[in-house]
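Undergrad: Please read through the structure below; I'll follow up with questions.
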Amino acid sequence: MIATIIPDVRNHYPVLLSEIISIITPQYGGTFIDCTFGQGGYTKRILNFPETKVIALDRDSESSIKAQELQNSFEDRLLFKNIKFSQLNNLKLKHENIKAVIFDLGYSLNQIKDPKKGLSFDSIGELNMKMGINEFSAKEAINQLDEKELTKIFKYFGDEADSKRIAHNIVEDRSKREITTEELVRIIESSKRKRNYKTHSATKIFQALRIFVNKEISELIYGLINAAKVVKKDGVIAVVTFHSLEDKIVKYFFKSLSENKSISRHMPKTEEKLNLFKSVIKKPIVPSDKEIRENPPSRSAKLRYVIKKEDFFDFETDILDKFKHLIDIENLSKKL
């Protein structure tokens, strides 16, 4: 869930950049939090406006190299922290007027192609998938979790129709040999009942493992909760998602705190649900045809945003209960 997928490492292309800038209005100055710094695409564009400051976060320590380059140009207007964005509430922001918090939940192409990270089914590197500040790798998950646990991960995080068959064959094969990236791809391809010629057979399984290894569900949920706490009144929370599970979580969080659902006209106002956000759009913003032509991986991007109506820092949300079944699957990692 870190940085946008881009077609060329040399020409970084942050997805929906123009749309993000028009929403957060850095031309009027202010302090912004870029929760997924990556290659610094959003941050650099924001800092090009003179009265701005950016607090940039990224769990991938390699992002600090690009951050240092920008710090050389923008000096004290950029603060970089190598932390997970779920921890943004630990930042000392008492004297900061946070105008917007931005999340881009994709992966950059250089991360996908890095054999050390082992994120791709095309990689010949170790089955790793750790994006930084991790407790375990995909190799440990694949070689240690049982068939039922692997099936849950593949089904709920990858929406894989053949989850049970693939998990069964993984457990069968690992009793004979350690599962590597190449071996995992072979098992997946041989387990699939139907071939989808539009996408690689291993796409959904590798997505599921990336989500599991990096605990992307709880990371996103706590990131959203803490973003809502730190952003000031009239500030923006903007999130770019790349698959339906992420979008479902973001949509639910924004909607549940943007309206009073099923409120009885007989209920006292003091019992009404907190209306923390103003929801500006009903449907997500998607890339233009031009952007998709220039950057094909952006086709799956969706941008949702809300504006904070009040300066409340304590509020109730049921999002942890709503997605508890997914967090419970992440917690299977306690066995590793």
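Our numbering is plain: 1 for the first residue shown, then up by one each step along the chain.
Placement of Cβ uses the backbone N, Cα and C atoms for every residue, glycine included.
Per Swiss-Prot, the feature S-adenosyl-L-methionine binding site maps to G40, G41, Y42, D58, F85, D104, Q111; the stated evidence is sequence analysis.
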Undergrad: Neighbour count, 10 Å Cβ-Cβ cut-off, for G40 (S-adenosyl-L-methionine binding site): what number do you get?
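TA: Other Cβ atoms within 10 Å of G40 (S-adenosyl-L-methionine binding site): 24.
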Undergrad: Given the binding-site residues Y42, F85, which one's Cβ is surrounded by the fewest other Cβ atoms within 10 Å?
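TA: Each of the binding-site residues Y42, F85 was scored by Cβ atoms within 10 Å; lowest is F85.
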Undergrad: Under DSSP, is D104 (S-adenosyl-L-methionine binding site) helix, strand or coil?
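TA: Once the DSSP labels are grouped into three classes, D104 (S-adenosyl-L-methionine binding site) ends up as strand.
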Undergrad: Within 10 Å of the Cβ of D104 (S-adenosyl-L-methionine binding site), how many other Cβ atoms can you find? Include all protein chains, please.
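TA: So the Cβ neighbour count for D104 (S-adenosyl-L-methionine binding site) comes to 30.
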